[in-house]
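Taken verbatim from TrEMBL:
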- 92-126: coiled coil (COILED)
- 126-525: domain 'Kinesin motor' (DOMAIN)
- G222, Q223, T224, G225, S226, G227, K228, T229: ATP binding site (BINDING)
Amino acid sequence: YQGLAGRSTKEVLQLYAAHGHQMKLQRSSVVTQLHEAVKKRLKQDLKSLHSFALELSKNFQRQSKTCLYQILAAVQGIQLQNEAMRMFQIKAFDLEQSLQEVIERYEKEKQKRKALHNSLVELRGNIRVHCRIRPLLPFDDAGGHSVSQDRQRNFSEKVAYAADDETVLVKCSRPGHASVSKTFQFERVYNDLESQDAVFADVAPLLTSLLDGYNVCIMAYGQTGSGKTYTMLGPQLEGNLAFSIEEESELGIIPRATQEVFRLISEKPPGSYWVEVSVVEVYNNEIFDLLAKDSYGKVFGVKRDVVTTREGKSDVPLLTHETVENASEFLHLVNKGLQLRVTHPTLVHAHSSRSHLVVTLTITTVVFGDNFGTLWEDEQTSQRLNKEASCTFPQKMRDNKFTSSSRASSPVQLEATEKMKQVKTRLQLVDLAGSECIGMSGVTGAALRETSFINRSLSALADVLGAIAEQRAHVPYRNSKLTHLLQDSIGGDAKLLVMLCISPGQKYLTESMQSLGFGTRARQVQRGQVKKKNFPMPNKAK
Ligand code: ADP
Ligand code: MG
């Protein structure tokens with residue numbers, strides 16, 4: 001402002017304009033500088049932002065690529081699994097189909113086998129005889145006091161052998177006696193080493209016949225001490241007439257047959273089956289019911305009689321039949337009955353059994369209406385049984401003496417309908433009394449009486465078997481209670497197996513020869529010609 005003093009207005013204005021211009025120039029340069037700085041900074045930021053974004057997108061790309069790979073791999077895995085699954089499905093389908101084919105083939109084969117089995121059984125005839133030679137045992141050595149050491153040694157010498165599966169050889173030469181060398185042929189011969197298992201294996205097929213509608217009888221014949229009870233029941237407990245149930249491998253035919261019957265029943269098409277048991281003893285030509293109970297429920301033996309029904313069948317009125325549902329129930333029941341058996345120790349063997357034991361399993365099949373024909377595969381049996389089964393239920397049920405009506409499978413609980421039919425088949429398992437002759441056992445008095453009854457019943461049995469083997473019109477079943485009782489399961493189209501039991505020692509030579517002779521006579525001579533149709537029916541036979 002000092003500089004302005006004395007200046008004209010015009011000059012002042014000029015100076016002021018110049019000053020403003022200069023200020024303007026100065027401002028604009030600052031703005032430019034600022035602008036430049038901001039621009040630079042912005043550029044830098046943009047650049048770093050750009051590189052950051054770039055990095056981010058690269059990262060993203062990388063990660064999504066990995067993800068994609070993983071997804072692809074997973075998809076591939078799933079595809080592979082699907083493929084494998086499909087292959088498995090195809091395989092499973094193929095397997096299912098071939099299994100179905102196998103099942104069908106198996107069914108056909110089973111039927112064929114059954115037909116073959118039945119014709120084989122038929123070809124063998126209705127009576128077959130097997131022979132079992134027991135091992136030499138410690139008690140075979142014991143002789144009487146009067147017997148010299150030398151003779152004792154000879155006594156325990158083995159004279160009976162199984163020459164092969166079908167031949168028994170008896171070979172013996174004693175000073176002062178004619179030497180013996182004889183062979184006997186049977187359907188099957190067991191040597192002393194053959195197990196209970198092996199013996200039962202040959203018996204089992206008969207049980208198939210049982211479920212096919214045939215009555216079956218299996219009986220052990222032989223002198224006391226020859227192994228009848230061992231073969232039929234198993235080893236007996238010391239001092240007890242019952243047998244040991246624990247040792248399964250030692251069980252005899254009776255328990256095994258029962259197990260097999262229950263097994264076969266479980267395989268059958270649905271129908272109702274139940275199994276009843278009766279245990280009787282034939283002693284001095286009298287029948288004792290070993291399952292009858294007194295009013296306290298205690299088992300005691302009661303005398304029964306055997307009669308022939310109007311249909312020509314043998315029947316024991318009032319006999320106790322207990323329904324059993326499995327083999328162990330059966331075993332306990334039989335064991336209880338066995339403790340009542342009458343025995344008399346003879347010189348031959350301390351636990352000699354002087355009575356015939358008959359264990360009977362009655363299998364009743366109830367068939368509803370039209371299913372009847374399908375139950376038995378062979379037509380003939382089916383027709384035959386159809387005829388026999390025409391009886392309807394209610395009356396029969398009342399006639400039967402069922403002792404355990406509380407069982408689920410007991411007949412009493414089955415609602416009787418008009419279409420219901422029942423068929424009974426019977427399996428009789430017999431442990432015969434010793435076949436030795438009186439002189440051998442050295443018995444007198446009451447025991448002598450026993451022995452003569454035994455001899456009479458056994459010769460009645462031999463007569464019956466002889467008559468059947470020769471197809472005679474008359475079969476003398478009624479000559480003894482034993483044969484009368486067994487009539488339905490040894491005559492007609494029933495299948496009988498006689499198991500001859502033989503002691504191998506020289507001491508028993510005479511008895512063994514007698515037993516082998518019995519077996520030989522019992523065998524049917526005309527094998528293959530015995531057709532069940534031609535067989536004399538029991539009612540005609542009397
Ligand atoms: P049975 O009933 O004919 O009088 P047992 O069956 O009581 O004869 O047999 C007499 C003895 O011989 C018994 O001690 C029995 O255990 C034994 N025994 C019988 N057969 C055989 C065998 N095959 N193996 C072993 N021991 C046997
Ligand atoms: Mg015995």
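Note that the numbers count up from 1, one per residue, in the order the chain is shown.
In case you wondered, yes, glycine gets a Cβ from its N, Cα and C as well.
Bear in mind that the values here come from a model prediction, so they are computed numbers and not experimental data.
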Q223 (ATP binding site), number of other Cβ atoms within 10 Å: 26
Neighbouring C-beta atoms (10 Å sphere around the C-beta of K228 (ATP binding site)): 28
Close-lying binding-site residues around ligand 2 among G222, Q223, K228, T229, where CB distance stays under 6 Å: K228, T229
Within the predicted model, mean pLDDT of the coiled coil (92-126): 83
Cβ packing number for T224 (ATP binding site), 10 Å threshold: 27
Listed binding-site residues (G225, G227), ranked by Cβ neighbours within 10 Å, top entry: G225
G222 (ATP binding site), number of other Cβ atoms within 10 Å: 30
Collapsed DSSP category at K228 (ATP binding site): helix
Fewest other C-beta atoms within 10 angstroms, as judged across S226, T229, which are the binding-site residues: T229
